[in-house]
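Chemist: Dropping the structure in here first, questions after.
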Amino acid sequence: MLSGKSHKELLQLARGLVPQLKASMHKGQAGKIGVFGGCEDYTGAPFFAAHAAAIVGADLSHVVCERLAAPIIKGYSPDLMVHPYLYASDNVEVERFAPREVWKNLARQPLEEGLEVGAVKKVVEEHILPKLAGLVERLDVFVVGPGFGRDPLMLATLARVVEEIKVADKTVVLDADALFLVSKRPSLVSGYKKAVLTPNVVEFARLCEAVGVDSSSDGAACALSQALGGVIVVRKGGAEEIVRGDKRVVNDMDGSPRRVGGQGDSLAGTMATMLVWAGHYDRGDLSLEPGVRGQHMGADESALVACFAASAVVRVASARAFAKHGRAMQTSDVHACLGEACHEVLGDAW
């Protein structure tokens with residue numbers, strides 16, 4: 001159905017995903033997003049993902065991060081809910097669970113071996129996952145990986161979080177360090193149709209190598225999606241290539257020539273909100289009747305359209321921010337334009 005459709009036609013379909021705002025709606029119906037990311041070194045990425053999700057229209061936006069990152073992320077915005085539930089292996093607090101030497105040795109081990117260390121599994125299963133269970137159950141869509149870092153205890157936690165999201169049958173957008181983890185353990189997402197991978201050029205090449213796909217070949221994005229059992233792949237670059245299996249749409253709308261850090265996180269967060277709305281559309285949730293009625297889409301198509309719409313919104317916002325700030329543009333400037341971009345892309349439906 002999507003093959004051969006113009007940008008205008010795809011965005012008309014996207015408008016059919018946007019729920020009407022009504023006085024009868026209650027908090028959370030338009031989207032509850034969970035971003036898993038943020039460590040001592042990287043606090044901006046999870047903020048941008050969660051903040052973008054909220055600006056675009058999610059009612060509630062949560063960040064689950066490493067304990068040392070939480071006060072910093074909380075200081076960025078009172079609009080986000082920040083949960084300091086994760087531990088890095090160099091946090092002195094983990095010495096409550098195992099001797100320091102265990103954690104020092106962990107850093108020297110290959111990732112796959114580190115994920116199986118008994119102390120790691122014990123901390124994750126007994127001290128971290130119990131705090132996350134309620135969030136995984138309550139929230140609609142997850143973004144995992146922004147600012148996560150590559151600490152072995154953090155990555156072991158991330159692997160288990162993704163497994164719990166799969167058990168709950170929730171949509172998950174994997175970005176940044178989560179894609180590094182998938183390149184080491186492709187089985188983590190293989191065959192899970194509610195997984196969305198958002199690789200840049202380096203991450204794409206790494207993922208392709210992991211599953212035996214030539215990243216330079218024609219149709220490499222489709223081949224990667226098929227090799228991973230039909231996950232959605234959003235291949236970022238000069239144009240966004242959005243595929244599931246052999247279904248493919250491309251967004252080559254003008255954006256910004258600036259490549260500042262954080263724009264990919266903004267895309268992941270925007271995508272999360274759009275995917276919540278696509279889920280409501282798929283289920284025929286009459287309490288969230290779309291503002292625009294259009295041609296009916298299946299679940300595969302609505303998810304691709306949601307990803308396309310997110311890409312369009314961020315590109316328009318980036319173009320607006322660059323027109324105003326030029327080379328001085330930062331991702332925070334893009335966020336200041338997200339609302340206007342949503343209205344331009346989605347019209348009165350938004």
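Backbone N, Cα and C atoms are what each Cβ position is placed from, and that goes for glycine too.
In case it's useful when we look at the structure, here is the feature table from TrEMBL:
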DOMAIN    10-345  domain 'YjeF C-terminal'
BINDING   GLY147, ASN200, VAL201, VAL202, GLU203, PHE204, ALA205, ARG206, ASP265  (6S)-NADPHX binding site
BINDING   236-240, 255-264  ATP binding site
Chemist: Hey, what's the widest CA-to-CA gap across GLY147, ASN200, VAL201, VAL202, GLU203, PHE204, ALA205, ARG206, ASP265, the (6S)-NADPHX contacts in the record, in Å?
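Modeler: It comes out at 20 Å between the most distant Cα atoms.
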Chemist: Counting Cβ atoms within 10 Å of each candidate's own Cβ, which of the binding-site residues GLY147, GLY262, GLY264 comes out highest?
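Modeler: Of GLY147, GLY262, GLY264, the one with the most crowded Cβ is GLY147.
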Chemist: Tally every other Cβ atom lying within 10 Å of the Cβ atom of GLY238 (ATP binding site).
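Modeler: I get 8 for this one.
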Chemist: Ranking the binding-site residues VAL201, ALA205, VAL260 by other Cβ atoms within 10 Å, which is at the bottom?
Modeler: VAL201
Chemist: Which ones, of the binding-site residues LYS236, GLU240, SER256, VAL260, GLY262, GLY264, have a Cα no more than 10 Å from the Cα of VAL201 ((6S)-NADPHX binding site)?
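Modeler: Those close enough are LYS236.
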Chemist: So what sits near LYS236 (ATP binding site) in its own chain, CB-to-CB under 8 Å and at least six residues off in sequence?
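Modeler: Listed in sequence order: THR198, PRO199, ASN200, VAL201, GLY264, LEU267.
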Chemist: Quick check for the class: what is the C-alpha distance, in angstrom and rounded, between GLY238 (ATP binding site) and ASP265 ((6S)-NADPHX binding site)?
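Modeler: Here the two Cα atoms lie 17 Å apart.
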